[in-house]
Amino acid sequence: MTDTNHPSRPDLPTLPIIENFSRRAAIKGGFATLGAAAFVAAISPLRHAAQNTSAGEFMQNHYTELTPEQKADVIARLEEEAKEKYGAEVTIGDDRPIPGTKFVYAINLSVCNGNGKCVEACHKENNHDRATNQSYIRVIEMPKGTMDMEQGSTTYTGAVPKDDKFYLPVQCQQCDEPPCVDVCPVKATWKEDDGIVVVDYNWCIGCRYCEAACPYHARRFNWKQPEVPAEEVNPDQSYLSNRIRPVGVVEKCTYCLHRTRRGKLPACLEACPTGARVFGNILDPESNIRWLLENKRVYILKEELGTKPAFFYYFD
Amino acid sequence: MTTSTAPADKPSYIASYPRFLARSLWQATEGSLGFYAWMTLLTALFLVGANAWANQVAGGMIGTHMTDQVSWGLYIANFTFMVGLAAGGVMMVIPAYLYHDRKMHDVVIIGELLAIAAIVMCLMFVVADLGRPDRFWHMMPGLGKFNFPISMLTWDVIVLNGYLLLNLHICGYLLYMRFLGREPNPVWYVPFVMLSIVWAISIHTVTAFLYCGLGGRPFWNTALLAPRFLASAFVSGPAFIIVTMVLMKKLTRVQGLDQPIATLTKIVRVTILINLLMVASELFTEFYTGGAHVSAAKYLFFGLHGKTGLVPWTWTAIGLNVTAACLFLWPGLLAPRLRWLLVSACVMAFVGTWIEKGMGLIIPGFIPSTLHQIVEYAPSLLEWKVTVGIWAFGLMVFTIAIKTALPTLRQADQD
């Protein structure tokens with residue numbers, strides 16, 4: 001490398017004035033302009049992404065900081081977008097926790113036969129991407145005689161139940177000490193008063209730290225824009241649950257809060273043909289689930305991690 | 001940053017600082033044909049990466065080969081390694097400022113400039129990994145919602161940006177003083193240098209805490225992770241700087257590089273062994289104990305249930321690291337006529353660390369998944385393009401920074 005501007009007097013600040021300074025400056029300027037133009041051309045696909053994001057969405061505040069008017073505007077905009085992008089008429093509610101409610105779930109592993117109806121129901125209810133066949137539930141086929149998930153398989157096929165197997169459905173455990181909430185750098189996910197851990201899909205930055213932190217593989221990332229045919233879109237939606245998620249954000253099971261906060265049961269429970277699933281308000285002393293937790297020998301997954309799940313398993 | 005020191009009788013900094021920047025820019029874009037070819041190549045690679053990234057944002061991250069099982073890949077692997085490279089520069093600062101090594105002091109700015117370039121790359125890798133880079137502002141304290149101090153990622157944002165500012169200030173101040181032809185005032189940079197030593201340790205410790213704090217990932221959930229990160233950082237950083245200095249000796253008129261090269265070689269001689277010792281200690285604990293916790297290590301070293309995607313990577317890393325360690329332990333490595341061998345040893349140690357701390361650390365954290373699924377991962381072409389683009393940009397920043405500092409480096413050996 002040559003040194004064209006070795007200052008003869010290093011004590012004095014000088015711009016390198018050399019004979020052909022202006023010519024060199026013009027050449028450098030020319031190349032800089034060329035580089036800038038090439039850069040603009042290289043990132044031109046971003047324009048496509050920008051078209052898909054409205055100014056309102058870009059500027060939108062965190063869910064917990066929206067005024068009722070802003071919330072109404074946001075929901076109207078989202079309903080509009082569902083119409084535009086998916087051709088579906090949807091209603092997006094803003095379902096809040098019912099005071100005095102703490103939802104818990106339990107599954108009877110003696111009864112579950114691994115038929116997978118819950119997985120399918122979740123897929124439809126929550127407007128999951130059709131192509132990837134996404135669902136919030138994974139069922140693990142386990143050999144009898146072990147509780148070690150390493151022995152299990154989530155990709156089992158064939159007729160169920162098999163004699164030497166039992167079936168362990170896993171979905172979000174709605175932990176009381178959720179590691180996924182702790183790690184989120186922008187508070188895009190939090191635990192609500194009824195115990196449900198939710199995500200503000202319009203605030204999540206898509207870093208996927210929560211996916212790394214969750215010990216139950218309960219979180220999913222939208223690697224692409226979900227595709228659902230208009231006639232298959234479930235129109236009964238809620239802002240914090242099953243509305244069609246944007247690309248590039250994380251989502252998760254919400255115990256179907258758009259149903260359960262309206263007094264209905266989760267879709268996976270309604271779809272279960274065996275009656276293995278029990279759902280309810282643990283604070284209600286008369287509830288089924290309360291009786292069950294008091295009288296059955298229940299266990300929780302990965303208890304040693306201290307996540308305190310609100311999801312229980314038991315055998316008869 | 002320095003305007004407040006302006007005495008009334010001196011010419012205004014407001015006028016001279018832009019002149020300093022303009023002169024630096026001019027200086028940094030002057031050079032031989034080889035230099036222009038190098039910069040053109042880097043620009044071209046950067047543009048390829050920028051285009052790939054733009055496509056990723058437009059089409060969604062489906063263009064990567066990451067999955068819900070392996071939700072971090074090549075980007076976060078490189079990010080982790082880059083934090084180490086940034087921290088590694090401190091191995092020049094410590095001899096220069098704590099042990100008053102004169103020769104090292106003259107060229108210590110190389111390490112600080114490397115830190116700047118590496119941190120810039122870190123930040124770019126994080127942005128490349130975001131599903132929604134348009135929501136970047138959600139992470140800004142004050143503007144968005146910063147989950148501090150609970151989320152370790154917010155700590156990382158603070159320490160990485162803080163380290164960047166520290167090094168920008170130190171280098172900027174020294175170069176500006178040199179431009180003004182004045183002796184730098186130690187009050188304005190020595191305290192920051194001392195702070196940067198502690199800060200360098202912190203960036204890599206916090207980055208290790210990102211992973212080792214996760215109870216659900218047994219492969220990362222080890223107290224040895226932060227010390228291991230530091231040891232490998234003190235291999236990759238000095239290795240990179242040694243190669244830089246060997247090149248500078250050939251390509252520039254900077255003198256007095258032999259002694260710093262020798263000092264750094266002696267440092268790597270120790271750190272590379274500490275790093276290998278810690279790897280061995282980790283492996284013993286994993287494999288002797290056995291049980292479920294060993295699955296990821298088994299996958300990494302031998303494959304699991306017939307899936308062996310990482311096995312070639314990891315054995316390559318081990319081969320490179322062990323060979324490099326043997327070479328570094330050989331006293332003859334410092335002979336002036338064996339510079340090529342020293343450079344090879346550095347390259348081996350560098351690449352070995354890049355694998356060990358990149359793909360070899362991030363990917364086994366996800367395999368098997370928390371529900372013990374084994375879904376393998378190999379980066380897609382798009383991921384490679386983005387990664388190469390960011391590396392090219394980082395090398396551009398580093399080249400320009402070194403060019404800007406050349407007069408300072410040359411002045412040092414005139415003293």
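Cβ atoms here come from the backbone N, Cα and C positions, even for glycine.
All TrEMBL annotations are machine predictions without curation.
The transmembrane segment feature in TrEMBL is assigned to B:33-54 (among others).
The transmembrane segment annotation in TrEMBL covers B:74-100 (among others). Nonlocal intrachain contacts for the transmembrane segment (B:74-100), taken as residues 6+ away from its ends with a CB within less than 8 angstroms of a stretch CB, comprise 107-108, 110-112, 114-115, 118-119, 121-122, 125-126, 128-129, 160, 163, 190, 193-194, 196-197, 200-201, 203-204, 207, 229-230, 232-238, 240-241, 260, 263-264, 267, 271, 353-354, 357-359, 361-363, 379, 383-384, 386-387, 390-391, 394.
What TrEMBL records for B:107-128 (among others) is transmembrane segment.
According to TrEMBL, the transmembrane segment annotation covers B:148-176 (among others).
Counting same-chain residues at least six beyond the ends of the transmembrane segment (B:188-209), those with a Cβ under 8 angstroms from any Cβ of the stretch are 2, 5, 80, 83-84, 86-87, 89-90, 93-94, 97-98, 112, 115, 152, 155-156, 159-160, 162-163, 166-167, 169-170, 173-174, 225-226, 228-230, 233. Feature annotation from TrEMBL assigns transmembrane segment to B:188-209 (among others).
Here the transmembrane segment (B:229-247) has long-range neighbours at 80-81, 83-92, 107, 110-111, 114, 201, 204-205, 207-208, 257, 260-261, 264-265, 267-268, 271-272, 274-275, 278, 339, 342-343, 345-347, 349-350, 353-354, 356-357, 402, meaning same-chain residues at least 6 beyond its ends whose C-beta is under 8 angstroms from one of its own. Annotation source TrEMBL lists transmembrane segment at B:229-247 (among others).
The transmembrane segment annotation in TrEMBL covers B:267-290 (among others). Away from its own ends, the transmembrane segment (B:267-290) comes close to residues 91, 95, 222, 224, 227-228, 231-232, 234-235, 238-239, 242, 297, 301, 321-322, 324-325, 328-329, 346, 349, 353, 356 of its chain (Cβ-Cβ under 8 Å, at least six residues beyond either end).
Among the features that TrEMBL reports, transmembrane segment is placed at B:310-331 (among others).
Within the same chain, residues 81, 84, 232, 235-236, 239-240, 242-243, 246, 261, 265, 268, 272, 275, 313-314, 316-321, 323-325, 327-328, 332 sit at least 6 positions outside the transmembrane segment (B:338-355) and bring their C-beta atoms closer than 8 Å to a C-beta of that stretch. Positions annotated as transmembrane segment by TrEMBL: B:338-355 (among others).
Per TrEMBL, the feature transmembrane segment maps to B:388-406 (among others).
Only residues 6 or more beyond the boundaries of the transmembrane segment (B:33-54), in the same chain, are considered here, and those with a CB under 8 A from a CB of the stretch are 128, 251, 382, 385-393, 395-396, 399, 403. Between the transmembrane segment (B:107-128) and the stretches B:148-176, B:310-331, B:388-406, the greatest number of Cβ pairs separated by less than 8 Å involves B:388-406.
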